[in-house]
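Single-structure report; data block below.
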Amino acid sequence: MPGGCKEKNSAWEEEKKAGRRGFKRSEIKGRVAALYQILADVYGSERLILRASKLGVLKAMRSNMVGEQVLALQKLIQGDPTISRAPLMKDIPEILDDLEDTLAQMMARRVVEEDLERKIAEKLQERQDQYLNEMREQLLKEKGTPENAATLKKLAVLEKKKQVHLNESIGAVLRPRTPEEIIGQERALKALIAKLAAPYPQHILLYGPPGVGKTSAARIALEHVKSRGDSIFQPDAPFVEVDGTTLRWDPRDVTNPLIGSVHDPIYQGARRELAESGVPEPKPGLVTEAHGGILFIDEIGDVDPILQNKLLKVMEDKRVYFDSSYYEPNDPNIPEYIKKLFEEGAPADFVLIGATTRSPEEISPAFRSRCAEIFFDCLTPEDVQKVLHQAARKLEVALEPGVAESISDYTVDARKATNVLVDAYAVARYRRGGTGKRILVTMEDLQEVLQVSRMTPHVTTHAAACGEIGRVFGLAVSGFLGTIIEIEAVAFPARDSRRGIVRFNDAAGTMAKDSVFNALAVYRKLTGKDAADYDIHVNIVGGGRVDGPSAGAAIFLAIYSAIEGVPLRQDVAVTGELSIQGRVKAVGGISEKIYGARQIGARKVIAPAENTRDLPGELWGITVVGVRNIDEALPHVLFSGERPEGA
C-alpha cells in the first residue's frame with residue numbers, strides 16, 4: 001500500500017478515535033471556519049488566495065479533512081512553509097488555540113498599524129493644507145491685495161448702500177455760489193478777495209455773528225481768486241474745511257488730525273510690512289492736505305490753546321516736522337518716503353482763514369498779531385428778506401406777501417431764516433399733497449412753523465414818534481449784535497426832606513449802579529437841585545446785566561426826565577459814558593449799536609463826538625449826533641409835543 005494511502009487511513013483512524021474520545025468534530029470545524037473567515041476579513045479574499053497560492057496550501061484549504069485545513073491555517077497564520085504534516089486530531093484543539101492567539105496578536109498589530117497610518121495620513125494632510133495656505137498667503141501678499149471673502153462681502157454692502165440716495169441736503173442747495181449771492185457783506189467780501197489776491201496773502205481772521213456767510217464767503221473768495229490770471233493759487237488749490245469745536249488731539253502726539261502724528265509701529269498698528277520691521281510711519285494732517293490752498297477753521301476760538309501754538313509753529317515754518325524714538329536713519333527697511341518725511345518734514349504752505357463768533361478780545365493775541373482781521377456785519381431785516389427771496393427762487397416756490405418780512409422779525413441769522421422758510425415750504429407742500437404745481441408758502445404755513453418751533457420775535461420793543469417821561473433807549477452790544485437797553489425811572493418827593501432813597505436793580509451790575517450815582521452828581525451840577533429830596537427808582541427793563549459804563553448818558557436822561565417831569569423822544573437812542581463832570585466819553589461797538597437802533601426803528605442816535613469817526617458806511621437812514629457834554633444832548637431828546645405819554 002502506498003505511503004500516502006497509509007497516512008490518510010491513519011488520519012481517518014485518528015478522527016474516529018477523537019470522536020470516540022468525545023471531541024466534537026463540528027465544533028472544531030466551526031473554529032476552523034471562523035479562523036478562515038477572520039483571515040479573509042484581514043487579508044481580503046483575493047489577497048488570501050494569493051498568499052495561499054504562494055505557500056502551496058490552496059488544495060489543503062479546500063480539503064474535506066480538518067487536519068489538512070488546520071495545516072493550511074498554520075502556514076497561513078504562522079507563515080512557516082516548512083510545516084508538512086497535518087496535525088493529529090487530538091492536537092488540533094491546542095493548535096487552534098495557538099493559532100487564535102497568534103491571529104489575535106496579528107489583528108491587534110494590524111489595528112495599531114491602521115491607526116498609526118490614519119494619524120500619519122491626517123498629519124500629512126494637515127501639513128499639506130498648512131503649506132498650501134502659506135503658499136496662498138504668499139501669493140496674495142505678492143499680488144498686494146488684502147481682500148478675502150469677508151472684506152469683499154463688506155465691500156458689496158457698502159457699494160449697495162452707495163446706490164441709495166435720499167436727496168441733496170438743503171444746505172447744499174441753498175449755499176451761495178457766487179459773490180452776488182452773499183447778501184449784506186459786500187465790504188467784507190471785497191476785503192477778503194483783495195487780501196487773497198495779493199502777491200503775499202496774509203492769514204485772515206473773520207469775525208461775525210453766526211449765519212452771515214463767513215464760510216461761504218471764504219469758499220467763494222478762493223474760487224474767484226483762482227480764476228484770476230495773476231493768482232498765486234493753482235486751479236486745483238484745495239479748500240480744506242474743519243470745525244474747531246470738534247478738533248481733538250493727544251498731548252503725546254499719538255494722534256493729531258490737524259498737524260499730523262507718527263504711528264507707533266507696535267502699539268498703534270502700522271501697516272503690516274512696517275510693523276513687522278518696527279518702522280514708524282508718519283501720518284500727515286490737514287495742514288499738509290491744505291498745502292497750496294486754504295485751511296478754513298470754523299470757530300477757531302474754540303481750538304485748544306496748545307494746539308493753537310502748534311499751528312502757529314507750522315504757519316511760520318510752512319512745514320510739519322515729525323519725530324519718533326523708533327526711527328533709525330540707517331535702517332535699510334525704511335521706505336524712502338518715510339525717510340523724507342522724518343528728515344525734511346511734510347509741506348504745509350497754506351493760507352489760514354479762521355472764522356469765529358467770539359469777540360476779538362477772546363482770541364489768542366499770538367494769532368491776532370499774525371493775521372489780518374475782517375469783520376462781517378450783522379444782517380438787517382432787509383438783508384434777511386433778500387436772502388429769503390433768493391432761497392425761494394432756488395426752491396422754485398412762491399411767497400405770499402408778508403412771509404419774508406415776518407421771518408425777518410424772528411431772526412437775523414440767514415441760516416436760521418432759510419431753515420424756517422424750508423420748514424414752511426414742507427408744510428405747504430404736505431398740505432397740498434405734494435403736487436407738481438408751484439408751491440405757494442402762505443402766512444398760515446409760516447405761523448404753523450413758528451408755533452411748533454416756539455420762536456419769538458427778536459425785537460419786542462419798537463421806537464415811536466411820541467414822548468414819554470422817565471423812559472429812554474440805551475444801546476449795548478451782545479456778541480456781534482447791537483441791542484437795546486430800555487431804561488425807565490420814576491421820582492417822588494421824599495417824605496423827609498433830604499432823606500430821599502435811590503433804588504436800582506442789582507441784577508444790572510455794579511458798573512451800571514456806579515453810572516446811576518454819576519448821573520445824580522451831574523444832575524445836581526446842571527440844575528442845582530439835590531436829588532436827595534426825591535425817592536428815585538431806576539429800572540433796567542428785562543433784568544439784563546449791563547457790563548460797562550456806556551449806559552451812563554441814557555441813565556442820566558431817564559433820571560432828568562423823571563425829576564423834571566419832561567418827556568423824552570421815543571424815537572431816539574442814546575449811548576455814551578457819563579463822567580461826573582458831565583462829559584460824554586467814547587465807547588466801543590458804535591457800529592453794532594447803530595445797528596441795534598436800526599432794529600427798533602430809531603430815527604436818531606446820540607453818541608459821543610469821539611465816536612463819529614468810527615461810524616459805519618451804512619447808517620440805514622439814522623441821524624447820528626455827536627455830543628461832548630450831556631447838556632448838548634438835551635435839545636435832541638426832549639419831546640416838544642403837546643400830549644406826551646406819561647405826562
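Each Cβ is built from the backbone N, Cα and C atoms, and glycine gets one as well.
Summarised as a single figure, the pLDDT of the coiled coil (96-141) averages 80. The annotation coiled coil is assigned in TrEMBL to 96-141.
What TrEMBL lists as domain 'Sigma-54 factor interaction' is 187-368.
Here TrEMBL flags 466-640 as domain 'Lon proteolytic'.
The annotation active site is assigned in TrEMBL to S550 (among others). Cβ-based neighbour count (10 Å, all protein chains) for S550 (active site) stands at 30.
As annotated by TrEMBL, active site applies to K593 (among others). In the three-state DSSP scheme, K593 (active site) is classed as helix. A simple way to gauge crowding: the CB of K593 (active site) has 26 other CB atoms within 10 angstroms, across all the protein chains here.
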Determine, to the nearest whole angstrom, how far the Cα atom of K593 (active site) is from the Cα atom of S550 (active site).
11
